Amino acid sequence: MNTPTRHPTPNVTTGALPASRKIYVAGEMHEGIRVPMREIATHPTAGEAPLPVYDSSGPYTDPDVSTDIREGLAPLRAAWIKARCDVEAYSGRDVTAADNGFVEGDRLVPEFPVKPAPLRGRQRAAPTQLAYARAGIITPEMEFVAIRENQLRDLSPCHCARDGEDFGANIPDYVTPEFVRAEIAAGRAIIPANINHPELEPMIIGRNFKVKINANMGTSSVTSSMEEEVDKLVWAIRWGADTVMDLSTGRNIHNTREWIIRNSPVPIGTVPIYQALEKVNGIAEDLTWEVFRDTLIEQAEQGVDYFTIHAGVRLHMVPMTVERVTGIVSRGGSIMAKWCLHHHRESFLYEHFEEICDICRQYDVSFSLGDGLRPGSIADANDAAQFAELETLGELTKIAWAKDCQVMIEGPGHVAMHKIKENMDKQLECCHEAPFYTLGPLTTDIAPGYDHITSGIGAAMIGWFGCAMLCYVTPKEHLGLPDRDDVKTGVITYKIAAHAADLAKGLPGAQRRDDALSRARFEFRWEDQFNLSLDPETAQSFHDETLPKEAHKVAHFCSMCGPKFCSMRISHDIRAEAQKEGFEAMAAKFREGGELYVPLKDTAPEEA
């Protein structure tokens with residue numbers, strides 16, 4: 001007798017991070033706006049105000065908010081969407097057996113308990129942030145992200161200080177709602193926010209804003225479950241993921257995705273061709289426009305915020321990949337290339353792209369135009385196939401913009417460091433400054449198990465050059481499906497890369513957290529060092545491995561140098577002695593006997 005598959009209610013991690021509390025900043029233009037941030041407190045002896053930082057963790061880190069996975073999150077944006085009077089509720093399509101991979105009975109993931117009627121744009125209305133921006137309308141979402149980007153900065157010199165090279169970007173000292181509107185209207189930024197994802201806390205992706213990161217997750221035909229995926233979602237955003245892509249394959253795709261979206265405060269992206277392929281039993285040649293169209297509508301009704309569409313893979317480009325070391329490494333790209341070769345025609349994604357735009361326009365699903373021909377090895381970087389597809393993505397961008405659809409462009413991949421900037425420059429030129437979203441890129445191919453590092457190097461560089469969002473890579477890349485620990489490692493690695501890029505491109509205020517932690521380090525405030533870091537738990541555990549006692553939390557040394565060789569302790573002694581004797585006296589003392597190099601007398605011959 002077969003044992004029934006059990007589907008327990010997922011347990012997710014909640015509660016604030018150390019020394020942190022959730023704060024909310026009210027809007028001024030629109031009622032009801034409360035922008036979440038995390039405030040990190042320092043020790044009272046520091047004499048410093050709490051530090052506000054960007055927070056994508058949603059209500060899960062707010063002890064004053066009760067969350068129940070079975071009910072989902074509160075519909076934050078529902079009133080904003082309704083007030084615009086350009087959408088309508090309708091019955092929606094019926095869920096079919098194919099939507100969940102034909103799984104039945106006790107192996108079927110239960111439906112999410114709450115199922116609201118889906119919304120769509122009325123008649124010819126375009127309920128997209130791009131359409132509103134072009135009409136001169138500043139939406140609540142635009143004000144929300146402006147407040148969020150500023151992180152309680154003001155226009156004072158200390159808050160607007162910047163030191164970097166932005167390579168021609170237009171980064172303002174202070175982000176206003178009007179600046180957000182103008183960037184979206186120009187196509188340089190997007191707010192991925194499906195009208196059927198009201199639980200979303202709006203965020204912005206663009207070159208002139210904070211660099212964002214995405215975390216991938218998803219079930220496969222081999223491993224993982226709905227419970228694990230919901231837990232990984234909450235875990236990823238706890239550590240700073242700005243968006244999450246559900247790349248599920250195998251069975252139970254529809255129901256698992258519903259649980260994820262209803263419990264996600266961040267945008268959710270998908271690759272619809274994966275589910276469409278499951279509906280035709282994994283046979284790429286059997287894919288049709290009708291199956292794909294139905295899948296788009298299914299996912300749009302659920303609330304997916306952005307679609308990766310590999311419409312740039314064209315028939316004449318496929319032969320360009322034959323001599324590559326690693327061929328076509330994109331799953332979506334390889335699926336469409338196989339379809340094109342079998343049918344010897346352009347893909348239905350390319351031929352029906354305007355119809356795809358019409359669907360996305362109805363729900364404000366943003367495009368993430370996929371790089372199906374991205375290089376899978378540094379030997380293949382910047383080749384003819386990659387850049388031919390990029391040019392096509394630029395053409396498709398204009399078509400989507402004409403339909404009032406928001407667009408970002410996906411990029412590589414595997415690229416050696418000296419070739420990275422060319423990728424950014426070509427993307428800006430070919431794709432008309434639409435936001436760039438890259439996987440890494442990985443800068444070397446010799447480190448399986450450490451590709452979060454090989455890619456973090458490239459991610460920091462391309463983020464500095466202008467990339468708007470970085471897709472994380474975990475230690476399991478090329479090796480297996482990431483688990484909870486891998487997700488955290490990938491997210492933290494990419495938060496480091498994104499922040500390093502923000503510093504390098506001169507984002508105002510980016511250095512505030514660095515300076516706060518540096519002061520804590522110099523003053524031996526160990527607890528503050530832990531709490532101000534991206535990963536307080538790991539920082540403290542490393543410290544406590546060798547100095548675990550509470551007394552060590554105030555010690556003026558660590559186990560690396562010990563008490564006699566700590567450079568910062570010696571610096572404190574030098575500073576104290578200088579203050580005691582006076583800087584002028586100290587200077588005189590050094591002049592008398594402290595010179596390391598004695599100047600030579602002038603031995604040049606006198607002029608005759």
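Going from the start of the chain as shown, residues are counted 1 onward.
Cβ coordinates come from backbone N, Cα and C, glycine included.
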Checklist entry - Which of GLU178, GLU183, GLU410 shares the substrate site with ASN216, MET245, TYR274, HIS310, SER330, ARG331, GLY332, ASP371, GLY372, LEU373, ARG374, TYR437 per Swiss-Prot? => result GLU410
Next on the checklist: What whole-number value in Å do you get for the largest C-alpha pair distance within ASN216, MET245, TYR274, HIS310, SER330, ARG331, GLY332, ASP371, GLY372, LEU373, ARG374, GLU410, TYR437, the residues recorded as binding substrate?
Outcome noted: 20
Checklist entry - So, in DSSP terms, is GLY332 (substrate binding site) helix, strand, or coil? => result helix
Item to check | Alpha-carbon distance [HIS414 (Zn(2+) binding site); SER330 (substrate binding site)] in Å | outcome: 12
Checklist entry - If you count Cβ atoms within 10 Å of each one, which of the binding-site residues GLY332, GLY372 comes out on top? => result GLY372
Item to check | Sparsest Cβ surroundings (other CB atoms within 10 Å) among the binding-site residues TYR274, TYR437 | outcome: TYR274
Checklist outcome for this item: Rounded Cα distance, in Å, between GLY372 (substrate binding site) and HIS478 (Zn(2+) binding site) is 17
Next on the checklist: Tell me the coarse DSSP state (helix, strand, coil) of GLY372 (substrate binding site).
Outcome noted: coil
Checklist outcome for this item: For HIS478 (Zn(2+) binding site), the nonlocal same-chain Cβ neighbours (under 8 Å, six or more residues apart) come out as PRO448, ASP451
Next on the checklist: Same chain only, sequence gap of 6 or more: which residues have a CB within under 8 Å of the CB of HIS414 (Zn(2+) binding site)?
Outcome noted: THR326, PRO375, GLY376, SER377, ILE378, ASP380, ALA381, GLY440, PRO441, LEU442, ASP445
